[in-house]
Amino acid sequence: MSSRPYNQPDAPDPPVDEADSDSDLDLDIQELDPITTSHPPNSSSRKPRKTEERRGGHIPLRNLRMGGLRGLGNRNRGYGDLGRKRDTDDEDLHGLLDDEQGVDAANRNSGGSLNSAEDDAPLLPGSGHARRSSGDAFNRVKGNIGSHLRLPSFLGTSSSSPVAQDGAEDQEEDHDPASSRSVSVGTTQTARFPANAVSNAKYTPISFLPRTLYNEFSFFFNMYFLLVALSQAIPPLRIGYLSTYIVPLAFVLAITLGKEAFDDIQRRKRDNEANSEGYTVLSFDKPGGGNTDRYHVKKKLKSKGKGKSKRLSLVEPDRLSDILEEEDNAESSGIQRPTTVVQEVTRKSRDLKVGDVLKLGKDQRVPADVVILKSFTNESASTPEPAADIIEESLLVDPVSDPAIDQTTGTAAEGLESTSRLGNSPSADAGGVGETFIRTDQLDGETDWKLRLGSPLTQNLQPSEFVRLRIVAGKPDKKVNEFIGTVELLPKSIGYDPHVPKSSPLNEAASERNPESSPLTIDNTAWANTVLASNATTLAVVVYTGPQTRSALSTSPSRSKTGLLEYEINSLTKILCALTLTLSIVLVALEGFEHVEGIKWYVKIMRFLVLFSTIVPISLRVNLDMGKSVYSWFIQRDSGIEGTVVRTSTIPEELGRIEYLLSDKTGTLTQNEMEMKKIHVGTVSYANEAMDEVASYIRQGFSVPESMDGAQASTLITPSSTFLASTVTATRTRREIGSRVRDVVLALAICHNVTPTIEEENGETVTSYQASSPDEIAIVKWTEAVGLRLIHRDRKGMLLQSVDTGRSVVRVRILEVFPFTSDGKRMGIIAQFLDGSETSSIVNIEAGEIWFFQKGADTVMSSIVAANDWLDEETANMAREGLRTLVVGRKKMSVQQYKEFASSYKEASVALNNRDTGMAQVVSHYLERDLELLGVTGVEDKLQKDVKPSLELLRNAGIKIWMLTGDKVETARCVAVSARLVARGQHIHTIAKLKRKDNAQDHLDFLRGKIDSCLLIDGESLSLLLTHFRTDFISLAVRLPTVIACRCSPTQKADIALLIRAHTKKRICCIGDGGNDVSMIQAADVALALWAKKDDKLPSRQTFPSRSSAT
């Protein structure tokens, strides 16, 4: 088979340019039946033909095929979208065959059809005139004409046809947001979607003047002076020049409008910064430079339709012979056209559209709601070379002899490989990890990182194949934890041979293939304003933009905020106006109500009102506005709160009027940085400087005596290995403590879902960790600090290294992982410790110890671990210190016990009914019984600077503080205690997972009797109380000194703020730092914002953003 490249029609040899090719591929309807038209074909063009034969007046429909040549693998592969749905078009055209059975039969009886295909139905019925044609080339092209014709006008209106979609694009309409959407990846969509622009501005150039004037004259103060000024236009009421009243009012309004315009311009500038942020977008082009985007195809078709219709030339035998010879050469060579060329272009955030494929990296903000297609690591983040031989295929048992174990752990046994380029190497297909972590604290307030996966259908695709994908997603929704969709992989184009019978397997394969599909869940998405946390490159397609994103839908419309001082001045103005009216009536009454000099008594009253209008000074508003501006200027330049920016100069005085303070937790009260502070091993507790003693035990526990030879010195450590303490200080008590410390540190170093990655920063190699929980990262960093470093982790196993000696000391094979869930509140892992030397690739199968490690909250672990007398006391002590506690335990398993568990667990995992319950029961029966208690850890969520004294000062000032967070109940409790939101010894009443109204009433009755307690409530219970006991709950909650609401959605935060405002009529202040706090901030009277030091962009909707703490 020849390997020469395929000669395209626009190639120099044969000399056919693109214009000629395009003209040959366009067919006017008159060419199908020239006898019936008013303009017969040019006879001069047929002079070279000498041999004539008779043919029917109908062109066989079988020969009119779109975008394909005569065999499989021909040029239709290069036609992009126009050849992609050819099989569907064939089915549409077959409908015409059935309607023309009689004409078809007559055609076959007359012998007019020379095609060997089965269905030679005519396309144009009613043309029974015979005509003569000549030339063998014409006869040859008759059977292949469909390979060169694009007939959009003859196709059905099937939505699956790209041409039909192009036609629909001409009448492009706005997409109905209440319906689901179908997104074609990498192409322009057939419907219009909103722009991906962020807008926090209150006004538009058109609405600015009407809205500001309406807001100003809605106050009686301004309306009063406007009426006084307008009265001077009435001659009987005129007492002076009109300008003396109009000019002061205009000046006051100009000052106010200028302030509003300046503030709004600043907001627009900040919006422009966010909208101008650049993102890398994949552009899909044809090899020749043409874009596969349907928009470009549509423009090409529309440009061809202008002017006269182009007709297919059927009069050049030599030309046709060259084309047919070219096709034969292409068929014989089997050379396919090049695939789609993928290029990277940079677009601004505002220019991103639905269907665009984004390339995102670490610490990059997601600009829109996207579906993850593919994720892979860079070569710089590849795993260390020594870890390549960690896992052997048959470490425990032979997979062939024991299929239960192999199948049970098959999913977890997939290795993590890395890709170096964007789909340009084979590793990009099968080696991509498909995993990435995102931070959602700006969206839902949760500190835990979220694991996101690419769909199995798209993870192994080359980026050039993304144009075959179609995403079906639901209507825009504000639920950030729910998503249901489908991804479809459309089949590749296959040539359809008209000379092969329809029943041939070749043509059946071309017409009966269906697109592959795979479901999409929340695990395949990343919403706008989340941040990628993994050191991986992620390719994702945009599905929702602008106001249809989750974060935008959770945000309420902005409103104009007015200070309490404005309302008070407005009320005083009404009182003064009433006094002047009374005074005017009294003066007129003293004079008498008789007509004097033709002036009626009510005109006199109006003139007195105008005269007394100076009692209310019009300069008051100007003086107040100037005072607010000066106050804002001083706030921004206060050295004690350096970095503070005042977003609006309208309400700075409100900071001194607040009575309720509503604060977010993550990033506001805390730094969202976890640190291991304390560990208790049963008899001894270690914290602060005592951690050095832990490090000394680890050095001894993972070292070998100098008397051992080299082979023995490289033996791997297992939990059963003897603790080797120094002979000088080796007392029995010390050896026991050292052994317990080694065991708990080893358990913490293994029982997690942390993956290390190696990065290059400033020429130095830096190891970073990725995990769904910052608690786990803090613990792994602590184990490294005390001497045991995690250097490799994948789905098969992990490798631990001694920091002191630099050698590998522990190798384990991961048999099963039980991830942490909010319901289970624990995570576990089954691991097999490998025996042998550090460099040995042969492991003793039978000697490998199998251990089950588990850690979790003390509330659930206390019933799982063996009986003890210190767990409850120590966890309570750590909780009082505001630490997040985790209880660690372990259990040794034999090979037979693991086989029994693996078999039962696999059976439960494939059950159709009650699958999750069955799997949990198997784990509880075989694993979670009488675990050996190793220790308790205490992790601290670092507080912002000066948070404790600031909150204490606010509480002493009589301000009631509420903490609203999207984080877990346990985390919220610990932070509240450590930040001193809850006083020492104060009772914390917890309401969690409330589902019944009668139970809710019991909780309310309890709180009425203990009004000095602190309330801790989760989002589910809060929703029930706000639905059924709205008034009772809010009237009781505002009386409590402190309220902590966790697992709150952005909407619930806003509802609480509105309820407090409506019920108490007091001023409330909201503090936040993320997109999930925007709704709450808009509902507040005044707002404060904190942003991280590493961020260059400020939150746009807050009133007083600051880098300092909320003081």
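In case you wondered, yes, glycine gets a Cβ from its N, Cα and C as well.
Remember, predicted model here, so these are calculated numbers, not experimental data.
What TrEMBL annotates here:
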{"type": "REGION", "residues": "1-187", "note": "region 'Disordered'"}
{"type": "COMPBIAS", "residues": "61-79", "note": "compositional bias 'Low complexity'"}
{"type": "COMPBIAS", "residues": "82-97", "note": "compositional bias 'Basic and acidic residues'"}
{"type": "REGION", "residues": "414-434", "note": "region 'Disordered'"}
{"type": "REGION", "residues": "498-520", "note": "region 'Disordered'"}
{"type": "BINDING", "residues": "Asp664, Thr666, Asp1073, Asp1077", "note": "Mg(2+) binding site"}
{"type": "BINDING", "residues": "Asp664, Lys665, Thr666, Glu776, Phe820, Lys855, Arg884, Thr965, Gly966, Asp967, Arg1047, Lys1053, Asn1076, Asp1077", "note": "ATP binding site"}
Longest CA-CA distance among Asp664, Lys665, Thr666, Glu776, Phe820, Lys855, Arg884, Thr965, Gly966, Asp967, Arg1047, Lys1053, Asn1076, Asp1077, per record bound to ATP, angstrom: 32
Between Phe820 (ATP binding site) and Asp664 (Mg(2+) binding site), the C-alpha gap once rounded to whole angstrom: 24
C-alpha spacing of Arg1047 (ATP binding site) relative to Asp664 (Mg(2+) binding site), in angstrom: 11
Cβ neighbour count (within 10 Å, all chains shown) around Asp664 (Mg(2+) binding site): 29
Rounded distance in angstrom between the Cα atoms of Asp1077 (Mg(2+) binding site) and Gly966 (ATP binding site): 10
Among Gly966, Arg1047, Asn1076, which are recorded as binding-site residues, the nearest neighbour of Thr666 (Mg(2+) binding site) by Cα: Gly966
Rounded to the nearest Å - Cα separation of Asp1073 (Mg(2+) binding site) and Arg884 (ATP binding site): 23
